[in-house]
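Contents: one structure, followed by commentary.
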Amino acid sequence: MTEAVKDPPPGMVERRGAGLWVSHAIMMFGVLIVFFPIWLAFVASTVTQPEITNPPMPLWPGDQFLVNYGKALGSGVNVPVATMLVNSMIMAIGIAVGKIVISLLSAFAIVYFRFPGKMVFFWLIFLTLMLPVEVRIVPTYEVIAGFGMLNSYGGLILPLIASATATFLFRQFYMTVPDELAEAARVDGASPMRFFIDVLFPMSRTNIAALFVILFIYGWNQYLWPLLITTDPSMNTIVMGIKQMFPSGDDIADWPVIMATSILAMIPPVIVVISMQKLFVRGLVDSEK
Amino acid sequence: MATVDLKAVKKRFGSTEVIHGVSTSIADGEFIVIVGPSGCGKSTLLRMVAGLESVSEGEVSIGGKRVNELEPMDRDIAMVFQNYALYPHMSVRQNMGYGLKIAKLPKAEIDRKVDDAAKLLQLEPYLDRRPRDLSGGQRQRVAMGRAIVRQPKVFLFDEPLSNLDAKLRVQMRLEIRDLQNRLGITALYVTHDQVEAMTMADRMIVMNAGRAEQIGTPLEVYERPQTLFAAQFIGSPSMNVLDGVAADGSLSIGDSSLPLHSRLSGPVTVGIRPEHVIPDAEGPLAMTVQMGEPLGANTLLHGRMAGRSDAFTVSLAGVHHAVAGETLRFGVDPANLPFFDPKTGQRIEAEA
């Protein structure tokens, strides 16, 4: 241990010997606990219906992988999972991109422009932070129904597209951008929008990436709102679709297909997180100025 | 290249007036330094010329044309900011060419102009780097480069050297001056550093609390300060100021008395530059030394006038070993002493 203490790498608390093994063991145990239900779901999606319903439940994958997944993607219970995946994808991307564009612009307005009622608007936006979708769901439904947007992508996306959190985040970021930068752009002859596009937008890109990950998952996991406004199964999103697969009354639940659907529903968010991990961490950690 | 004229320029923020009417004419190609302590309004004045602040009253004209209502880009000016304000995500080349790109110049021409400026500033090896990969001095040069590629009529500098270390500051001072000379572009330069002002200015504007205390060449201000503030602000270490009473051809300061060459009478404030005292064992002024600062070429001695509380500093050539508590006597040449009205701080012209 004495040599180990001598030269630790800078900025890191180093553990050697027993400490290393104990900490890894704890981490592995944690991973196992988290991963086990997902493993069970995966196993359940690769066996036949009787194998699940008759205890004991299998712990190792069966040979029905292609059959179950093919059935889920192609036909599903009410509607093919492929359709639901596409719906969820459009909704999640629509919400994430929409929220980012709107909050970038509204934060830009709040930070860089003087207009009457600026603070009032800021606080109004801030207040909506306290109102989750569920609180305003009935009036929102009324509005969307009035516009005839039930069972449409517009209806799925628009009510969720404004984000006080993201506006606030970008506001805080813009406030850290030195005023001189805006002034230099003004002297260079850039119009406000030009400054926004050429300077602020590229400077915010790591924040945008981090926010995109968070908002994509937020959009993907929407449950109550799609459940309320999509009555047509072909507009179902996957998260609510899983619930729709549970039988009502005496029907038999097709567990392998439901589990295959669950596994499929998990894949896109995982891909988004993994592929944007680097940018995501950078967006949270450093501010490039 | 153009003249800049300020006519009774005032600035108000709400109901507080921060600049109380500054007037001056700046000749074509002149290097003007606006100097003053922080909060005196010097940056505000510069920003009004730039068009970043509106002019509350009065008129700013560039090249004989009123520009009060024009946007910065239409005033044909370029500005160098204190923190350089480089676009962090753009390369040096893009930073320098951004203004030209917005002006929709053809790409080839932008490249040519950026290359010329880079050559002038020895920035060629860094053109593809980002600002964060450059040292402070290099960033400063990029900021200068961004200003010169546009070939403006007027350069505006807002404390451009205050983020650099002392040695680099001296070097950049010379570079900026040299560059401005070669390009012949009128320049307005704001600083709080009186050494910068003295060394760089053709003429300087000494500002205090929103007023121009004195406008003149550095030596004019040094030798003939028009106000007590200008006298104390310019010169390092700063001028000693003593209150005395003038009567019958002599000035009495406490127990000491100085012969006067002019017919002054009544209470006056006299300024004595630390470097103008003459050590003289029989001299009329006495000082008790409290602390010495050996600077090599000269020695600063800080202390108090004997029998009084006025702080007093002298600067003596060469090395001096003075002990705390020691009393030094010295005289001054009364011919060039500036006198000020103790109430208004205005210079009293002493007729012989």
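Including glycine, each Cβ sits where the backbone N, Cα and C put it.
Remember, TrEMBL labels are computer predictions, not curated facts.
Feature annotations, reproduced from TrEMBL:
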TRANSMEM  A:21-42  transmembrane segment
DOMAIN    A:85-276  domain 'ABC transmembrane type-1'
TRANSMEM  A:89-113  transmembrane segment
TRANSMEM  A:120-141  transmembrane segment
TRANSMEM  A:153-174  transmembrane segment
TRANSMEM  A:255-274  transmembrane segment
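Comparison of A:21-42, A:120-141, A:153-174, A:255-274 by number of C-beta pairs under 8 angstroms to the transmembrane segment (A:89-113) places A:153-174 first. Listed stretches A:21-42, A:120-141, A:255-274 were compared with the transmembrane segment (A:153-174); the greatest number of C-beta pairs under 8 angstroms is found for A:120-141. Same-chain residues lying 6+ beyond the ends of the transmembrane segment (A:255-274) with a Cβ under 8 Å from its Cβ atoms: 38, 41-42, 44-49, 52-53, 64, 68-69, 71-73, 76-77, 81, 84-85, 88-89, 92, 212-213, 216-217, 220-221, 238-239, 241-242, 245-246, 280. Among residues of the same chain six or more beyond the transmembrane segment (A:21-42), those with a C-beta under 8 A of the stretch's C-beta atoms are 15, 57, 59, 61, 259, 262-263, 266.
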